[in-house]
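Asker: Pasting a structure here, questions to come.
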Amino acid sequence: MNPQLNNPNLPIYMDYQATTPLDPRVMEAMLPYFTTKFGNPHSRSHSFGWEAENAVEEARSRVARLIGADTKEIIFTSGATESNNLAIKGIAKFYGNKKNHIITVVSEHKCVLDACRHLEQEGIKITYLPIKPNGIIDLETLKNAITDQTMLVSVMAVNNEIGVVQPLKEIGKICRERGVFFHSDIAQGFGKIPIDVNEFNIDLASISGHKIYGPKGIGALYVRKKPRVRVTPLINGGGQERGMRSGTLPTPLIVGLGMAAEIAYSVMEKDTKHVNYLFDRFLNNIHNRISEVYLNGDKNQRYKGNINLSFAGVEGESIILAIKDLAVSSGSACTSASLEPSYVLRSMGIGEELAHTSIRFGIGRFTTEQEVDYAVDLICSKIDKLRELSPLWEMVQEGIDLKKIKWATH
């Protein structure tokens, strides 16, 4: 079928891991707090302040409910990057005189890896756990990495590039048994997969508003109260957020995050069914029409809104240019500006050639069946054309192992 026939509104948004569109119900909930309900939630002497404070506390309880936390355990931040920094650096600063070791994973989000590298310069020892070819960590390797000096294990819930879901419950059990704090960057999983901080023994969890159809510039950090977890603040000031994060709270953004969490709580099952159906339709139709396409990351232990594919014999950059009617990404949005192959794919043992051909397709709440079908038609027709032009594809067809070729450097 010619993709130009039956085309939906173009371009089609398929980059839901980078950000999500604002749910109209979220926008509606936020608007009054930009206009008539403009009070400072920390003003205690008049109704404008009380009104804002009530709205903030309601949002806090909505965020808490989605992960089975207590309302008082939610600290509002500017987003998951700040939450990750506060969790990792905050623990290191508070407990660093007693212990000096942190464990994380090679495939974590860049802000976690960079926070850890920063701490290495301050004398903290960091262990970067490898991942298996399916993108998931090995629990025995984690057990063996923990020492009596380990203060924190930081493992994300859902990987932003390949969508795999790490075994949080098992990791939490290991950490609790060994007396080590467990932090998880749950930005890509919050509101999309069931996460219960008590069942999973999570001590700190980082949340982002704009990954769950909420506004940008707002996030949260869950900090366990029992047994109590202490973090040294990164920002000093008026002592807001139980002293962990000073600064006037942005009421409209917090109301938006709360509403997004409330919606996710009620429609998570429906969203999951929708995304799983579109994942199967997208993947099966592509596999039926073109060969040598590989799904990166475990097929079952993943959030299926993330479809990271490698197309053998074609450069990822040329695919993105060819399918410009689809808004997609080659890796995480923070690093897709660099032409280096993804460090996440490389850490799974995927060769440089195949890593360079990978594209991340993101589907979500507002993706339609028509958009998925259009995307499949467009991708298949363009990949066929690009492969006809590709000397690499010719070599693959002739059975030449690209890994064994010695490339000339200019």
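In case you wondered, yes, glycine gets a Cβ from its N, Cα and C as well.
Marked as active site, cysteine persulfide intermediate by Swiss-Prot: Cys334. Under the heading pyridoxal 5'-phosphate binding site, Swiss-Prot lists Ala80, Thr81, Asn160, Gln188, Ser208, Gly209, His210, Thr248. According to Swiss-Prot, the feature [2Fe-2S] cluster binding site maps to Cys334, an assignment based on sequence analysis. According to Swiss-Prot, the feature N6-(pyridoxal phosphate)lysine maps to Lys211.
Mind mapping these onto the model and telling me what they sit next to?
Answerer: Every protein chain shown contributes to the tally, and the Cβ of Thr81 (pyridoxal 5'-phosphate binding site) ends up with 21 other Cβ atoms within 10 Å. DSSP assigns Thr81 (pyridoxal 5'-phosphate binding site) to a helix.
In sequence order, Gln17, Thr19, Thr20, Ala80, Ala187, Gln188, Phe190 constitute the residues six or more apart from Lys211 (N6-(pyridoxal phosphate)lysine) in its chain with CB-CB distances below 8 Å.
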Asker: List nothing but the one residue from Asn160, Gln188, Ser208, His210, Thr248 whose Cβ has the fewest other Cβ atoms within 10 Å; the candidates are the binding-site residues.
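Answerer: So among Asn160, Gln188, Ser208, His210, Thr248, the binding-site residues given, the one with the fewest Cβ atoms within 10 Å is Thr248.
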Asker: Long-range same-chain neighbours of Gly209 (pyridoxal 5'-phosphate binding site), Cβ under 8 Å, sequence gap at least 6?
Answerer: Gly79, Pro215, Lys216, Gly217, Ile218, Gly219, Leu253, Gly256, Leu257, Ala260
Asker: Around the C-beta of Ala80 (pyridoxal 5'-phosphate binding site), how many further C-beta atoms are within 10 angstroms, looking at every protein chain?
Answerer: 28
